Amino acid sequence: VGPAGALSLAGMLSLAGTLAGDSGVQPAGTPLPLDLGHTVPAGGDALSHSRGLDCWEVRKHNSSEWCRFVRSNPDCRLEGGFLDYLDGVFCVFPPQLLPLAVTLYALWLLYLFVILGVTAEKFFCPNLSAISTNLKLSHNVAVFSLTSTLHGVTFLAFGNGAPDVFSAVVAFSDPRTAGLAIGAVFGAGVFVTTVVAGGIAMVKPFTAASRPFLRDAIFYMVAVFLTFMVLYFGRITLGEALGYLGLYVFYVFTVVLCTWIHRRQRGEGPTPPSPWEPEMPTDAEERESSGANSGDYGEEYRPLLPSPESSLRILSTALSPLDHRKWRRKPWYWRLFKVFKVPVELVLLLTVPVVDPDKDDLNWKRPLNCLHIVTSPLLCVLTLKSGTYGLYQIQGVFPVWALVALVGSILATIIFITTSNEQPPKYHCVFAFLGFLASAMWINAAATELVNILRTLGVIFQLSNTVLGLTLLAWGNSIGDTFSDLTMARQGYPRMAFSACFGGIIFNILVGVGLGCLLQMTSSQLVVKLEPDSLLVWILAGALGLSLVFSFVAVPAQCFQLGKAYGLCLILYYLAFLCVALLTEFKVIHLSTA
């Protein structure tokens, strides 16, 4: 667990560390404020005072003044990212076409979720699997929860957790979007532990594994309680941020210890899967969909007696994200979704290598892997801090990206000359680390755009960051968990899917909040101030805690036998919570000031 977990966390630290610098440095001795509620302030209608106004005030002005207000107000500047969405909607599009701009932004938002899902499923997770294999780690220990994706079974905790954690880190990097992080972490927790868990119980009634459920529920309740206390005191210190990460390490240790004790009780030697870790189906269809370049694009159609292929043929086959024979036997909705995914998959195939330990050749594609030596480092320098480092010119003459491309081309040429198409080199495992880094950079870039566009939608509709986080961001990041867990339940593995509901989100809250706040701290300021000035934040925290307590009491009370009644109660609970949250956002429910 240690090496794989440390590698993933180190990767996220190195990738997201620069984001903390985007939000500016606060004066020494002053806690860094993170506004979680972000209510719309009153007053200050004159455009001349726009520099002191909240960006949410733009819609209170005449439409002819929107562009001037956005461009002159420092609060309207989006930190990081490649596109200025606020400038686009208020300056590029005329006021009459505001609905069109919102529609385009909504479609782009959905596509960003597709990018996050495809990157995590087919590139981030397979490379994490290859790294854990090369480090001689058990997949069960390295990942903690199994499953995920409509096309098969893969790792979940780091894979599905990566978009959530990167989104939280990016949101925490700017005080104006910190509410998105809290809303998304808590909102996804409520959604997964009610709608997804309830859906599993309704689709396939089952008997839950007692010890894993109680262990995960207790750890998650402790994490929620810690976050509640942090919000109550309005600050998080260095020790508390490290405590979040330390609690996750302790959770890892507990999982390893419980697994070891359970196996000791069952006897030494190879052991069958435990009740909450059933063997996974390994038929050709699921092998076909287990990851990029590992069978998804025509593996089952390979000839029995393969003949040597030319490098050009290998390259064209490896870069094809679509298999025509598979296309013909798939339903129309799969084809439609595939059409949207093809551009993303093609760009990812060009920039992210994938190592597959389950294949004889480890997914070695010499021409494509040599191309990755050039494209992957280029991707890293051009996406790091939105390309600032990549576009920097050495001595004002030679750009960094050109130097990276030159060095990469030399290395690619050497590797191409010294290797063959049939046999992977001994150092092929290095490509797994390169692919892990490149896919993490893709996730980080997509998460940055995601947070920026959500903030823009919040400005347009005058919605708080918290409600955007608990709805759009939480739903988008949880959609992969929803479909994969329900699919697993239908396939006859409801225990595994139910365990993933509670096991995976522990990583999200502990690492998301802990790492996000840790990256906000500086050597001169070791306290981050949280400002939950909205009632909605407390409703969100209370709803998550209450749902966990309900399951913690109700599941043992039913002797761990979960059926449709339990699932229906959870779903109704979420609907009631959502109604209360929206009524609070629109001030129908509010605290009396008398």
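In case you wondered, yes, glycine gets a Cβ from its N, Cα and C as well.
Database features, via TrEMBL:
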- 1-20: signal peptide (SIGNAL)
- 97-120: transmembrane segment (TRANSMEM)
- 106-256: domain 'Sodium/calcium exchanger membrane region' (DOMAIN)
- 141-158: transmembrane segment (TRANSMEM)
- 178-201: transmembrane segment (TRANSMEM)
- 213-235: transmembrane segment (TRANSMEM)
- 241-261: transmembrane segment (TRANSMEM)
- 265-298: region 'Disordered' (REGION)
- 332-355: transmembrane segment (TRANSMEM)
- 398-417: transmembrane segment (TRANSMEM)
- 429-447: transmembrane segment (TRANSMEM)
- 432-582: domain 'Sodium/calcium exchanger membrane region' (DOMAIN)
- 453-475: transmembrane segment (TRANSMEM)
- 496-515: transmembrane segment (TRANSMEM)
- 535-553: transmembrane segment (TRANSMEM)
- 565-584: transmembrane segment (TRANSMEM)
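Of the Cβ pairs linking the transmembrane segment (429-447) with the transmembrane segment (535-553) and spaced 6 or more residues apart, fewer than 3 are under 8 Å, so the two regions do not touch.
Counting Cβ pairs under 8 Å to the transmembrane segment (241-261), the top-ranked stretch among 332-355, 496-515, 535-553 is 496-515. Between the transmembrane segment (535-553) and the transmembrane segment (332-355), fewer than three CB pairs separated by 6 or more residues in sequence fall under 8 Å, so the two stretches do not touch. Of the candidate ranges 213-235, 332-355, 453-475, 213-235 has the most C-beta pairs within less than 8 angstroms of the transmembrane segment (496-515).
Here the transmembrane segment (178-201) sits against the transmembrane segment (453-475); at least 3 CB pairs are under 8 Å, leaving out pairs fewer than 6 apart in sequence. Looking at 97-120, 213-235, 453-475, the range that has the most CB pairs within less than 8 A of the transmembrane segment (332-355) turns out to be 97-120.
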